[in-house]
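Worksheet: the structure to be examined is printed underneath.
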Amino acid sequence: MEDIANPERTKKILKRYGFKFKKSLGQNFLTNITILKQIVEAGEITKDDDVIEIGPGIGSLTEQIARKAHQVLSFEIDDRLIPVLKDTLNHYHNVTVLNQDILEADLPTLIAKHFDGQHNLKIVANLPYYITTPIMLHLLEAGLPIDRMVLMMQKEVAERIDAAPGSKAYGSLSIAVQLHSEVKLAFIVPKTAFVPQPNVDSAIVEFVGRQEPLVTVQNQQLFDQLVRGAFAQRRKTLWNNLQNQFGKQEEVKAGLVAALDQADIAPSTRAEQLSIQQFAQLSDCLNEQPVFAKKRG
């Protein structure tokens, strides 16, 4: 039987079920078999792996994963696609499809129920553009024993995730992701590979989980506030952005001056010039200032 992703078979499946794409769900189905196989290769998927897939669509990528993996657990939010998936994937007995929103799913419980715990846990997904960041951060911060993730997303977002300090793309998202994972932008997927065709190209990003966060800080909440505030207005200096974030009262200014001096960071520095380690150091210096005591926790 032809691969699900074969353009002609994809058209037949969509026609048979009278499927209409929902823009609100960011539905774009990949119909390039070569790229699908490259995604599976990027995940280094073998029979030693259990795989969570997000957004299987009509099963094009699911099929390729199922041929390599031990078990596959797919989350599909669109209930119209459930009967389609039961049809297209009925030959793959190692696939379970759940009609659930990944952001609302109790992942530890579901993993324990559907996987035996004896295999590596990997995640592969073609993420809808409109909800890429929430899903990605949800997975990274869930505390799951993820060995490897391979996510397809908008090229611009991928470049921000993979960005280094000093680059225009470097920002709070770069830091949030790189704290938890080593990141690599693997390859670009042209918009012509999808049905319907999106407006922009996509990219495949590989994530390898860190055993420990890249940095540890005394106060994670304060660190998050610091990073968020520092990048709030990219053209402004760290000094201006941090006053806007924490306040312009004299005691706050004094605390900021002391912390910046202790961390050996000039107030005129811009956020994109700081490494993650420097942000961690500055966060700990702020945490030692009495004026920031109320922000601890």
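Quick reminder: no glycine exception, Cβ is built from N, Cα and C everywhere.
These features come from Swiss-Prot:
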- ASN28, LEU30, GLY55, GLU76, ASP101, ASN126: S-adenosyl-L-methionine binding site (BINDING)
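Everything Swiss-Prot records as a feature, shown here on the structure.
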residue : record                               : CB count, 10 Å
ASN28   : S-adenosyl-L-methionine binding site : 22
LEU30   : S-adenosyl-L-methionine binding site : 20
GLY55   : S-adenosyl-L-methionine binding site : 25
GLU76   : S-adenosyl-L-methionine binding site : 24
ASP101  : S-adenosyl-L-methionine binding site : 13
ASN126  : S-adenosyl-L-methionine binding site : 26
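In this structure, GLU76 (S-adenosyl-L-methionine binding site) belongs to neither helix nor strand by DSSP; it is coil. Across the residues annotated as binding S-adenosyl-L-methionine (ASN28, LEU30, GLY55, GLU76, ASP101, ASN126), the two Cα atoms farthest apart lie 21 Å from each other. According to DSSP, LEU30 (S-adenosyl-L-methionine binding site) is assigned to a strand segment.
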